Amino acid sequence: MRTYHCFWLLFWAGQPHQSFLTPLSKRTSGFPEKEKVLVLSGNSRQDLHRSKRSWMWNQFFLLEEYTGTDYQYVGKLHSDQDKGDGSLKYILSGDGAGDLFIINENTGDIQATKRLDREEKPVYILRAQAINRRTGRPVEPESEFIIKIHDINDNEPMFTKDVYNASIPEMSDVGTFVVQVTATDADDPTYGNSAKVVYSILQGQPYFSVESETGIIKTALLNMDRENREQYQVVIQAKDMGGQMGGLSGTTTVNITLTDVNDNPPRFPQSTYQFRVPESTPLDSPVGRIKANDADVDENAEIEYSITEGDGYDMFGITTDKDTQEGIITVKKALDFENKNLYILKVEATNTHVDPRFLYLGPFKDSATVRIQVEDVDEPPMFSRPAYIMEVKEDVPLNSVIGTVTAQDPDAAKNPVKYSVDRHTDMDRVFNINSGNGSIFTSKPLDRETLLWHNITVIAAEINNPKQSSRVPVFIKVLDVNDNAPEFAMFYETFVCENAKAEQLIQTLSAVDKDDSYNGHQFSFSLAPEAASSSNFTLQDNRDNTAGIFTRKTRYNRHETSTYFLPVVITDNDYPIQSSTETVTIRVCACDHRGKMLSCNAEALIHPTGLSTGALIAILLCIIILLVTVVLFAALRRQRKKEPLIISKEDIRDNIVSYNDEGGGEEDTQAFDIGTLRNPEAIDDNKLRRDIVPETLFMPRRTATARDNTDVRDFINQRLKENDTDPTAPPYDSLATYAYEGNGSVAESLSSLESVTTDGDQDYDYLSDWGPRFKKLADMYGSMDSDKDS
């Protein structure tokens, strides 16, 4: 027979605000009055029985936000195998075991160590087990149970936005939807009224209202006008506990803007406007601006202006400035003070976007009267035509009148006008004009063949005020007369073969005429009378403005006559008849049996000798280039004479001369006298600079000899001063090198270079007395003296 053991979980309900136990099938509204025992079967931990009652338990409740100083008591774990001798050990595992929840391993008491927040974690799942402390084996199967955190009202409602922004059209009806606000409560919505939120309006009445359950804000006042007030700030409160006293609450702000509708018509601030405009105002120029005021904004305030009536309806126009909504009155036609000096217009301003809902408020347009006064100005003379076209025959006599232009002063004064020709348009002064009556006449002969059209400009100016002037173009066409004789279309030079036959065509002639013919030119060709009977050739007129030259005999001899000159008379049929005599040159040449020319006597017919124009231009260019080369060469030679004699590889302005000459040593006394640098007393007064050729001869300055025992610094300063005042010194920066040793040395000068400037031989025996450092020098110079003696 199997023995079943029971596992008891005891929860104490005698302490308020601790913990309590509830069944799955029933929710208690208070705490249990008696101790509850959980009996777990030894075969299965899922078969839970209660020994005395038939309730099934698997979850327990614990209040959140416990504020006591001691640990919060949860319940007691007990096994029927526990004899109270400490042989059993209770173990707790699962969510928060050992941290949030601890168990007394001897007694099985379970406690919560921290304050629990249902909003962070509402349910904890744990497992309990009793084991033998000596063997470590469980004496009861592991049992799982749930601890649910019981909610309290510790969270106020929170709106999804801190600030809401909404807009509605002005003049909206009551109850128009504005916006919906939403608040949430983190408390448990399934327990009590902790999460039941109710909305109310704290600020914004009587203009708006809010539905308590949905948070929908609506309009509460009729005909709210944007022009009176545009912005509204509404404060909405959300309160939990169903709005009951003691509930927590939160607020939010709703900024509501009334948007514009076209509920205001345009209105002119005054009924009459007056403007003045000079009569000389150009077309499309503005005369003035008018504006109708509209309390609406944006497209609802857009206005269109129009001229509805008035005596200046066709003289003026009006447009709308889209930026300022002003009406701009402009000139459509030219104004004339003498004809009309006052115009009265009726201007209407109309909204372009009309809302039919507000037509009951009246017509959305307004009108005003505009008076425009035209002012008189001194105007220039006006010609009777915008342009003149005249015709004149090319053979008219000089000073013949070809036409007349007329201009008048449009002003009331009717000032007299004088005329003149703009000479920039008639540079050759072919035409002139009578300054009083405007008649144009010729002053030079005309030639249609040279220039067909003459385009001149006539100026008309007031005599009293010449600045008031106007211009008009005059187009003069030169008509043709038959004053040119016809002539050959080209120069004709042909040949005839010696073996030519009679009546053989050797050349076809054509003619041109510079004159113009309305019916077309008709030319007639004939031989001159002096050549008609004795000529060796005949001429046949083809009656189509061409003619042919034919041979009269059978053979020609070039040795007898090499060239024939045939005079041809060309006559036109215009009036007066014009004719000219042209000459055709015919050469006699040797030809083959096919009539192809082989050779001609005297000059070549086809290949003329001589140089072409291109060849002559090339020869001329070569001569010019040669002359330029010679001039440049001469200039370079002249410039080279003034260059310095010594050219350094470095920049000559550095004044450093490089000598690549090694010289002849100490015996070379004709080279460079370096000893002068060592001994200033040996300066030659007559030596000049050798690097350039002096153009002006300056006498070199003799410098004073440095005093004995002079400091080197004083010596350098003295030389610097001398170079600054020396007129022969170069005008640019220079480098002067001095190696002056001074006159105060005990050993005097050791340089062999100075020996060149001394009168006698040097005695170097004293070097032996200076010690071992100068022994080598004493032996070297002592041996030189011994060599000289020997």
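Placed from the backbone N, Cα and C atoms, the Cβ positions cover glycine too.
Listed in TrEMBL:
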{"type": "DOMAIN", "residues": "79-159", "note": "domain 'Cadherin'"}
{"type": "DOMAIN", "residues": "160-268", "note": "domain 'Cadherin'"}
{"type": "DOMAIN", "residues": "269-383", "note": "domain 'Cadherin'"}
{"type": "DOMAIN", "residues": "384-488", "note": "domain 'Cadherin'"}
{"type": "DOMAIN", "residues": "488-598", "note": "domain 'Cadherin'"}
{"type": "TRANSMEM", "residues": "615-636", "note": "transmembrane segment"}
With DSSP helix as H/G/I and strand as E/B, how many residues of the domain 'Cadherin' (160-268) fall in helix, strand and coil?
-> 3 helix, 47 strand, 59 coil
Could you count the residues of the domain 'Cadherin' (269-383) that DSSP puts in helix, in strand and in coil?
-> 10 helix, 56 strand, 49 coil
What mean pLDDT does the predicted model reach across the domain 'Cadherin' (269-383)?
-> 91
Secondary structure of the domain 'Cadherin' (79-159) by DSSP, residue by residue, totals 0 helix, 37 strand, 44 coil
